[in-house]
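Per TrEMBL, these features apply:
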type	residues	note
TRANSMEM	12-38	transmembrane segment
TRANSMEM	50-72	transmembrane segment
TRANSMEM	102-126	transmembrane segment
TRANSMEM	138-160	transmembrane segment
TRANSMEM	167-185	transmembrane segment
TRANSMEM	205-229	transmembrane segment
């Protein structure tokens, strides 16, 4: 496997999914434009800053979801067209193909994280109406990137093992399970609540949170990549 082959696969996926197409770039620019509109409306009417911060929160959730779904675009297209449709199109090994897909995930995550940072920058230019500052804005972008990498890595590994439809069903089950876990945590006995409080206090320090996210990103990214390579090598095309 060579780095040139990995980059070739990543470029092929970028072109195949239209990641840098005019339509996708216009879609990404909608959110900075919306931020400008919100800023122009908020300043003269003295609307509470929660409007801008709410927009940032909504954009962050959308960005992480879109990054994960965009990273699955090549796998979804390949599944719908059949694996044989991809054969011979790019002279790369199976390992390079998998690593290229994971490089594509980083590109998508960075693109959406940058979009979030630009929106935050717009609010800062108009007087920091979201009350985040550059530190908070960059932290939001980094968090979106980390979330996209963690969730996208898990989904990419599953894409090499399961069909896209089965993955969507499984994702729904996982989301329901997460809500159930959150509900159960809120009903923990008083004797156990100190544990949640200690975890919360630990994560209130920014570098603690950054360290935890970095470790989770590395474990999810490289662990998922190794699993995907193993699955794809054993698969009959």
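Heads up, the Cβ atoms here are built off N, Cα and C, so glycines get one too.
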Within the same chain, where does the transmembrane segment (12-38) have neighbours whose Cβ lies under 8 angstroms from its own Cβ atoms, ignoring anything closer than 6 residues to its ends? I mean 6 or more beyond.
51-52, 55, 59, 70, 73-74, 77, 89-90, 100-101, 104, 107-108, 111-112, 115, 118-119, 122-123, 126
Lying 6 or more residues past either end of the transmembrane segment (138-160) yet within Cβ distance under 8 Å of it, the residues of that chain are 56, 60, 63-64, 67-68, 71-72, 75-76, 98, 101-102, 105-106, 108-110, 112-114, 116-117, 120, 132, 167, 170-171, 206, 210, 213-214, 216-217, 220-221, 223-225, 227-228, 231-232, 235
By a Cβ-Cβ criterion of under 8 Å, what residues six or more beyond either terminus of the transmembrane segment (167-185) are in contact with it?
72, 155, 158-159, 196
Give the nonlocal contacts of the transmembrane segment (50-72) in its own chain as ranges (CB under 8 Å, at least six residues past its ends).
17, 19, 31, 34-35, 38-39, 42, 101, 104-105, 108-109, 111-113, 115-116, 119-120, 123, 129-132, 140, 143-144, 147-148, 151-152, 155-156, 159, 164, 167
